[in-house]
Amino acid sequence: MGKEKTHINIVVIGHVDSGKSTTTGHLIYKCGGIDKRTIEKFEKEAAEMGKGSFKYAWVLDKLKAERERGITIDISLWKFETSKYYVTIIDAPGHRDFIKNMITGTSQADCAVLIVAAGVGEFEAGISKNGQTREHALLAYTLGVKQLIVGVNKMDSTEPPYSQKRYEEIVKEVSTYIKKIGYNPDTVAFVPISGWNGDNMLEPSANMPWFKGWKVTRKDGNASGTTLLEALDCILPPTRPTDKPLRLPLQDVYKIGGIGTVPVGRVETGVLKPGMVVTFAPVNVTTEVKSVEMHHEALSEALPGDNVGFNVKNVSVKDVRRGNVAGDSKNDPPMEAAGFTAQVIILNHPGQISAGYAPVPDCHTAHIACKFAELKEKIDRRSGKKLEDGPKFLKSGDAAIVDMVPGKPMCVESFSDYPPLGRFAVRDMRQTVAVGVIKAVDKKAAGAGKVTKSAQKAQKAK
């Protein structure tokens, strides 16, 4: 095997008909984890249904359908390789819960790939005031996805086909537009592609001799290339937060005969090791970690991104639950939040939101009603500048600083300290009505919580 490639996560955004599925399908198809047999099966089905021209998107549709039905499909299907990276597509919009997934998401995307369609009239539709493209790009930026690649797709359907003029016009528009959101266009690779025909996807296109390649300038090193695959190869690798204190939000807690209580979750920051004494917030239970395992193999340490189960002593299944957060009892242990201040963006709420609104935000794995206790100020959503003090209400499109109070004990952190525990989505009326980033947390000084015997022993021994 040699040295493993670095894993990176991307999120693909863009308007409904921009050709996201075809483009993504093409990459997975050509560089991915789908075996020949599956592809032949898909091609045959697509042809039988008269969808021959749709085979790449068909791949993605099949995968999506399985995802929606909750079949845990072979996740390798959502992966592909570049020369430097293993790339996982963590989500593509169009999926009902896209926005929620992007926020509570199993992982933070390292880069967003924005697909815009170059076809006559298509680009204009996708980027119009109420186009989803704006929303998705703004979300990506707000949630800390600071790298962006733009694929100008369907170059084969411009007037005339492969028109340089049309491409340049679009690059100009998109640059203005992403700049308003906060991205610096100089750091963004723009690539003219056809996800369907394969132009500039993996190989330079003979149809666009005028395209001299893309260039990005950034302080961590400049890069240039011709294809979309090369642009993905030039993503700056993420630094995984191993140096921060441990934070592990629980997804489930199992009781396993002969072993005992096994909380399961994903290490978001820090390192989890057997022998560590961990504290669970907000329940304030402290105990020793006996063992840590992933895919049924014992680990000597679990790092950020690892989904693990760990065995804890003298703790019953009733003591800890989904939404609790485990941390190192000696290094900034997690605590209950009495309240928190957040910057929220209202996405689509039919009415007005005023103080007292109490929706149920999804923050990491917690799902607890929180009251908008005070609307402190309305702000400009790009610059963050204050527009108005103490607004009476908020409506769609507004950004604001609000004080929130959880209805039941919960543990959250500020976005700057622990990003995955500091962003949330507010779902209401079957849609995401707002997203938020936590600015500050009012932590409740914990009283004497439950400290198990094994934790006391482990602490004495040290």
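Glycine too: its Cβ is placed from the backbone N, Cα and C atoms.
Among the ranges 91-94, 159-162, 359-362, the stretch that Swiss-Prot annotates as region 'G3' is 91-94. Which of 70-74, 120-124, 315-319 counts as region 'G2' depends on Swiss-Prot, and there it is 70-74. For Gly14 (GTP binding site), the count of additional Cβ atoms within 10 Å of its Cβ stands at 28 [all protein chains shown]. Counting every protein chain shown, the Cβ of Thr432 (phosphothreonine) has 24 other Cβ atoms within 10 Å. Nearest neighbour of Lys392 (N6-acetyllysine) by Cα distance, taken over the binding-site residues Gly14, Asn153, Met155: Gly14. According to DSSP, Thr432 (phosphothreonine) sits within a strand segment. Checking the recorded positions (Gly14, Ser18, Ser300, Lys385) against Lys273 (N6-acetyllysine) with a 10 Å Cα-Cα cut-off leaves Ser300.
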